[in-house]
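Heads up, the thing below is written out as C-alpha cells.
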Amino acid sequence: MTLEEITSNSSPIQVASQNTSTLLESEPKNLHDPNTPYATLRINRNRLSWFRQIGSGIILDIRARAPWYMSDWKDAWNYRVIPATALIFFANVLPGIAFSLDLIETTEQYGVSEVLMSSFMAAFVFSIFGAQPLTIAGVTGPITVFNKTIFDILSREPKPPVYLHFIGWVYLWAAILHWITALLNFCNFLKYVTLFSCDTFGFYVSWVYLQYGIQVLTRQFGPTIQDSIEEQGALVSIILAILMLVTAFLFDSLSQTQYFHRHIRRFLADYGMPISLIASSAMAYWGRFNAANPLTLPTGHAFQAAGGRGWLVKFWELDGKWVGIAFPFGFILWVLFFFDHNVSSLMAQGSEFPLRKPPGFHYDFFLLGITTFLAGILGLPAPNGLIPQAPIHTTSLTVMGPSLKDEEGQGTTSSRTRTQSDIQSQRQSSINEQFSQHPSDPPSGHRREVPVSVVEQRLSNLAQGSLCLVLLTGPFLHLLHLIPRGVLAGLFWYMGAAALRANGITQKILYLFQDKALTSTHEPLRRVRKSRIILFIGVQLVGFGATFAVTQTIAAIGFPVIIMLLLPIRTFMIPKLPFSREELAILDGPTASPFTMASVGGTL
C-alpha cells in the first residue's frame, strides 16, 4: 500500500485544520455530532462550576467522545494498525515481565501469568471503554518497586498479614481515591503539568530503563554462579544485550537515512525492533552460545497464578488494624497513578501529533480506579499508563506525507499544532523528528515528510492486549520461556536510550555543546541566555536526582510524592527565578495543545 493510499484511506482532517481562535468564538450546533469541533464542546464545560457539580467532567468526557466511538473501530481499517500492534506488543509485555522479575523472584507472590493478565485487563478496559484508547497501560517499573517495597516492609513485622490481602486493600483505597478524584474533577489540576514536569519524569523513567537493563545482567553474576558454564551463560547474556541494542539502533538509523526506497525505510522503522528481538533471541541457540545455556524468562503453567493459588484474593479477611495501615500506602499509589497515568496520556496526545478526536481525562481516570480495584481482587500488579510506550504507540500510528509548506508555502495545518506558539511548534517538531519511528525523506531534492494525520482507533490497543492473553497458553508460554534475559536487557537499553535521546533535558544539554556556527538561526534557544538554560536544566536535574535517589533506598515507597512536588515547583518557584517571560516560554510550555488541554480546563 502506497503512502498516498494510506493517506486517502485515513479519516478526514478538515475539521482539525480550522483555526482554534475562530472555534472558541462559535457555539456548537450539536454537541453529539462528531463533526462538531471539540474546542467548542469545551466552552460549555468551562461555563460549569466544576468543583460544585460532581461528575460533570466525566459526563462531558463521555458526551464528547461517544459520537466518535463507531469511527474508532472503522478507522482501524488501515495498514498502520499492524506495525503499531507489533511494536507495542513487544515494547509492552516484555519490559513488563522484565520489570517484574525481581518482584517475582523476591516475593514469590506474582508470576509471569499475573503480569500478562494485568496487561490484557488494562488493554481490554481502555480499548473498549476508554476515552483515550491511544494510551497504552500495563505493568511499569514504579509499580513493581512499590509492591516490592511493601513486601520488604511487611516482612519485618513479627506477625505480618497475608501479603496479597494487604495489597488488595491498598489497591481498594487507591481505587476509591481515583473515583473521588474523577467525580470531583480534580484532573483539572493537569493544567499545571508542563514540559518541565514531563521532561523531568521522562528523564527519570529513561534512566530506570537503563538501570533495569544493567540489573537484569548483574543478577546473573551473583553468588549463585557455581561453575564456568553458568559464568559463560552470563557473559553470553551481555553479548546478546549488546547485539539487541546495536541492531535495533541500526535499523532505526537506517530508516532515517537516504538509503533504500522509502517503503523499505518505513518497513525498517515499523519492524526493526521486533526483528532485532527475534534475531537476537535466535542467536542464543546458535553454536557455542547454545552450549553456554544463558538464562531465559521464567514461566509457569497456562492460565495459572503463582504458587497454584486461586485467582480470587479474599482481601476482606484482613484484620481491621491492617486495613487502616493500608490507607497511606493507597494514598501514595493514588499520587503515583495520578501523575504517571495522566502524563502518559498527555504525552500520547502531544501537540506534535495531528490528532482530531477529543480526549477524556476524568473518565479514563475513573476507569483506572476500576482496573486498580480488579487488580487487587485478582492479585495482579496494578496497570497504569506507560512511558515511553504510550507516545511510541501514537508515533507508530502517524501517517506521514509531504509538507504542505512545500506545496502551498504554508505549514501543516492542525487544530492542535496551529494553536501553539511558533516557538513551541518548532520545539515539538524537532523532538518529534528525533523520536519518530518513521523516516524522513532526504532534505535536499525531495519533499520532506511530516505527520499529516494519526490513525485514531481502538484495535491496536485491544490487539496487543489480546496477544498477551494468547501468551498465557501452553505453547506460547514455552516460546516466551525461550527468550534470553540478556535480550530483555538490550531491549531496556534501547527503549531507555531512545527515550533519553528525545527528552527535552537531553536536547537542552546537547544544545549547550553545539557549535553555534552550525546551529540554525531559527533555533529558539538562541534567544535564551546560556546561564538561564543551565539554571533551568539544573532545577530539573535536582528533581530527577532526588526521585532516582529515593528509589534506591527503603524509602522508595515515597518517591511518587517527590514526583508530584514538581508541579508546585514549576508553578510557584520557577517563575520567581531570574527568567524573562520570553525565556520561560521557550524553555517550557504545555505538553499538549489547547485542543487537548481544554479537557482539563485549559493551560497555565
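Cβ atoms here come from the backbone N, Cα and C positions, even for glycine.
A TrEMBL annotation is a machine prediction, not a hand-curated record.
Copied over from TrEMBL:
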{"type": "DOMAIN", "residues": "56-220", "note": "domain 'Bicarbonate transporter-like transmembrane'"}
{"type": "TRANSMEM", "residues": "81-104", "note": "transmembrane segment"}
{"type": "TRANSMEM", "residues": "116-143", "note": "transmembrane segment"}
{"type": "TRANSMEM", "residues": "163-186", "note": "transmembrane segment"}
{"type": "TRANSMEM", "residues": "193-214", "note": "transmembrane segment"}
{"type": "DOMAIN", "residues": "229-403", "note": "domain 'Bicarbonate transporter-like transmembrane'"}
{"type": "TRANSMEM", "residues": "234-255", "note": "transmembrane segment"}
{"type": "TRANSMEM", "residues": "267-287", "note": "transmembrane segment"}
{"type": "TRANSMEM", "residues": "322-339", "note": "transmembrane segment"}
{"type": "TRANSMEM", "residues": "360-380", "note": "transmembrane segment"}
{"type": "REGION", "residues": "399-450", "note": "region 'Disordered'"}
{"type": "COMPBIAS", "residues": "412-431", "note": "compositional bias 'Low complexity'"}
{"type": "DOMAIN", "residues": "445-589", "note": "domain 'Bicarbonate transporter-like transmembrane'"}
{"type": "TRANSMEM", "residues": "492-513", "note": "transmembrane segment"}
{"type": "TRANSMEM", "residues": "533-566", "note": "transmembrane segment"}
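Within its own chain, the transmembrane segment (81-104) has Cβ neighbours under 8 Å at 110-112, 114-116, 118-119, 136, 138-141, 144, 147-148, 151, 209, 212, 215-216, 219, 270-271, 273-274, 277, 297-298, 306, 381, 386, 389, 392-393, 396-397, 437, 455, 457, 459-461, 463-464, 467-468, 471, 480, 483, 485, 488-489, 491-492, 495, counting only residues six or more beyond its boundaries. With pairs at least 6 apart in sequence, the transmembrane segment (234-255) and the transmembrane segment (322-339) have fewer than 3 Cβ pairs within the 8 Å limit; the two do not touch. Sequence-distant residue pairs (6 or more apart) of the transmembrane segment (492-513) and the transmembrane segment (193-214) include at least 3 whose Cβ atoms are under 8 Å, placing the two stretches in contact. Through the fold, the transmembrane segment (163-186) approaches residues 50-51, 53-58, 107, 109, 147, 150-151, 154, 309, 313-315, 317-318, 322-323, 325-327, 329-331, 333-334, 337-338, 362-363, 365-366, 368-370, 372-373, 375-377, 379, 382 of its own chain, all at least 6 residues removed from its boundaries and within a Cβ separation under 8 Å.
Most Cβ pairs under 8 A with the transmembrane segment (116-143) among the ranges 193-214, 267-287, 360-380, 533-566 are made by 360-380. Nonlocal intrachain contacts for the transmembrane segment (267-287), taken as residues 6+ away from its ends with a CB within less than 8 angstroms of a stretch CB, comprise 83, 86-87, 90-91, 94, 236, 240, 243-244, 247-248, 250-252, 254-256, 260, 294, 296, 396, 436-439, 482-484, 486-487, 490-491, 494. Same-chain residues lying 6 or more positions outside the transmembrane segment (360-380) and placing a CB less than 8 Å from one of its CB atoms are 57-58, 60-62, 64-65, 109-110, 114-115, 117-118, 121-122, 125-126, 129-132, 135, 137, 164, 167-172, 174-179, 181-183, 185, 187, 190, 305, 309, 311-313, 315, 333, 337-338, 341-342, 345, 599-600.
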